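Asks: Before we start, here is the structure in question, set down as structure tokens.
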Amino acid sequence: MAPQLLLCLILTFLWSLSEAESNVFLKSKVANRFLQRTKRANSLFEEFKAGNIERECIEERCSKEEAREAFEDNEKTETFWNVYVDGDQCSSNPCHYGGTCKDGIGSYTCTCLAGYEGKNCQYVLYQSCRVDNGNCWHFCKPVQNEIQCSCAESYLLGDDGYSCVAGGDFSCGRNIKARNKREASLPDFQTDFSDDYDAIDENNFVETPTNFSGLVPTVQSQNATLLKKSDNPSPDIRVVNGTDCKLGECPWQALLINDQGDGFCGGTILSPIYVLTAAHCINQTKYIRVVVGEIDISRKKTGRLLSVDKIYVHQKFVPSTYDYDIALIQMKTPIQFSENVVPACLPTADFANQVLMKQDFGIVSGFGRTRERGQTSNTLKVVTLPYVDRHTCMLSSNFPITQNMFCAGYNTLPQDACQGDSGGPHITAYRDTHFITGIISWGEGCAQTGKYGAYTKVSRFILWIKRIMRLKLPSTESSTGRL
């Protein structure tokens, strides 16, 4: 009996093992439904499958061409690839003031909203001197990431840090129209004296009375042959078809007169001591005196006659070409300022080049001839003339236009400076302040079609002027009497 019981137990154990195996192992057909292995690339039809960015570039390293096949869009490919290669440069949000960042390989690009600029859109446009002069009324200078405004001499910088208001009754560049506007009292300011141009030799001046016969200009060609007089640029240039300048509207105008009492050149009042004029005016007479405040030389009611102490002619003046055509006249006694006698403001070089000379028009005035070969004018004339771009200027002229010159005038409209106006002011107004920008120098005739007036470019000589003007400060002596 015992052997039979043992046999039954063994058979029962073997049956239970077979049942367990059938529960663990599936038939191959069933098992393959669950245990299929995904194949990668190199299959027969792999290249015919649509691109998949995960299959192409996430599971394995891919090329840009493979990424393009997956996206089938160049812009999406570029966006993906820039991040894929070296990470997202825009993750730190580098663009300020709402700028939009676009990632690149090793770099990024910010697209700024209106009113901002810079690599990271970090600059507000009004904080750039290149845009509307930084909103400064006079001079603008970049300081780190901001701008600093300053004002011309005798002006005060406003509490807003931008505006400039006259600090006295007769501040420079204020004619009667500007003075009629409301003014305010503002805190002190600092003027920028950082310009760096030609140096001045302190001993380089001509005292009056002097015989100027040694300065008679000769115009020569490259082979040293004397040109005909009719081929010369006209040195006594230059206001045709202008209007009368009313009392107080051109208060910086000066008139140079000879020993016969005749006016022959103009000038611009810069300070109580100094008048700016053209170098070529100095060789035209033995004696020079200066009249200021006059608008009608036939009536002689408003002007003052001044004696000259010294004359500084630029040491590089070239009589044959009128290059460096600039001189400063020093008065023996200070000019007394009034509503009719006010200096023009002296700009900084940057302000003149980047702001003033990019205005549409300048203002020219003088007592010169009202037409070519006509009589000189008894009344002060003024005309508004457009700036002419340098390329057009050079093409129009038969004579050299150097870096120290610029052109102004109309191509066809008969308005111009003319003979007798030489040395006079070319003024540019900016925010109701008038700055000296040029000296009437020369031209080919007066108001001729296709010809423009040539002017000495004052911005090239700012430091030269300032250094001379520092040689002598105004004294307390009174000016000479009326005409």
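Just so it is clear, glycine is given a Cβ too, placed from its N, Cα and C backbone atoms.
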Asks: Of Cys151, Cys172, which cysteine does Swiss-Prot list as the disulfide partner of Cys164?
Replies: Cys151
Asks: Identify which of Cys90, Cys112 is listed by Swiss-Prot as the disulfide partner of Cys101.
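Replies: So the cysteine that Swiss-Prot bonds to Cys101 would be Cys90.
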Asks: What does DSSP call Ser422 (active site, charge relay system) in the simple three-state scheme?
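Replies: Going by the DSSP assignment, Ser422 (active site, charge relay system) belongs to neither helix nor strand, so it counts as coil.
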Asks: With helix taken as DSSP H, G or I, strand as E or B and everything else coil, how many residues of the domain 'EGF-like 1' (86-122) land in each class?
Replies: 1 helix, 10 strand, 26 coil
Asks: Where's the emptiest Cβ shell within 10 Å among the disulfide-bonded residues Cys164, Cys393?
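Replies: Counting other Cβ atoms within 10 Å of each of the disulfide-bonded residues Cys164, Cys393, the minimum falls on Cys393.
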Asks: Here's one to test understanding: among the recorded positions Cys62, Asp103, Asn283, whose C-alpha is closest in space to the C-alpha of Cys129 (disulfide bond)?
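Replies: Nearest candidate: Asp103.
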Asks: Nearest to Cys57 (disulfide bond) by Cα, among His280, Asp325, Ser422 (active-site residues)?
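Replies: Nearest listed residue in space: Asp325.
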Asks: Quick check on the disulfide-bonded residues Cys62, Cys129, Cys281: which one has the highest count of other Cβ atoms within 10 Å of its Cβ?
Replies: Cys281
Asks: By Cβ count within 10 Å, point out the most packed of the recorded positions listed: Glu66, Glu69, Glu75, Asp103, Asp325.
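Replies: Comparing the recorded positions Glu66, Glu69, Glu75, Asp103, Asp325, the most crowded Cβ belongs to Asp325.
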